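Note sheet for the following structure.
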Ligand SMILES: [Zn+2]
């Protein structure tokens, strides 16, 4: 394994080794420059962001967020699953967040899938997954459904400040989705 220390980030780190090796090397440089910000675990802005895992969506840069500002909860599609509700419940009840922002985006991989994906998996591996694919065709409707799932959760303390957006991966702009449309 290379021990090169002069590359500035993971993308330009040594060409040898696995991608994980590159990330570990990048971390060594990160930790060298890191100073303890002295924060506790409660997000400074009391906000949780639920977003798609899409690689083109840099949440902190796109929303002007700093270290310690928010919780970020991400999965394929930014779908509000039971596990996202689990994280939001802990976020609000144990760590003091009050607002929820949902960020879906243009060109999402889930737009090209259908629930057939589950059947295909079953045919291949002999077992159908318990989870839904949560594929969608209309991104606005998908955001509205996600907002509705958060708003109607019995576990959450704060459901009055929930807003949903579509991030345009070509322009970098957020467009708000009207929950009532
Ligand atoms: Zn996506």
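Glycine residues also receive a Cβ, built from the backbone N, Cα and C atoms like all the rest.
Annotated in TrEMBL:
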- 52, 54, 105, 108: Zn(2+) binding site (BINDING)
Quick one: give me the count of other CB atoms within 10 A of the CB of residue 108 (Zn(2+) binding site). 23
With the Zn(2+) site defined by 52, 54, 105, 108, which remaining residues of that chain have Cβ atoms positioned within 8 Å of the Cβ centroid? 51, 53, 56, 57, 77, 78, 103, 104, 106, 107, 109, 110, 167, 169
Determine the Cβ neighbour count for residue 52 (Zn(2+) binding site): the number of other Cβ atoms within 10 Å of its Cβ. 22
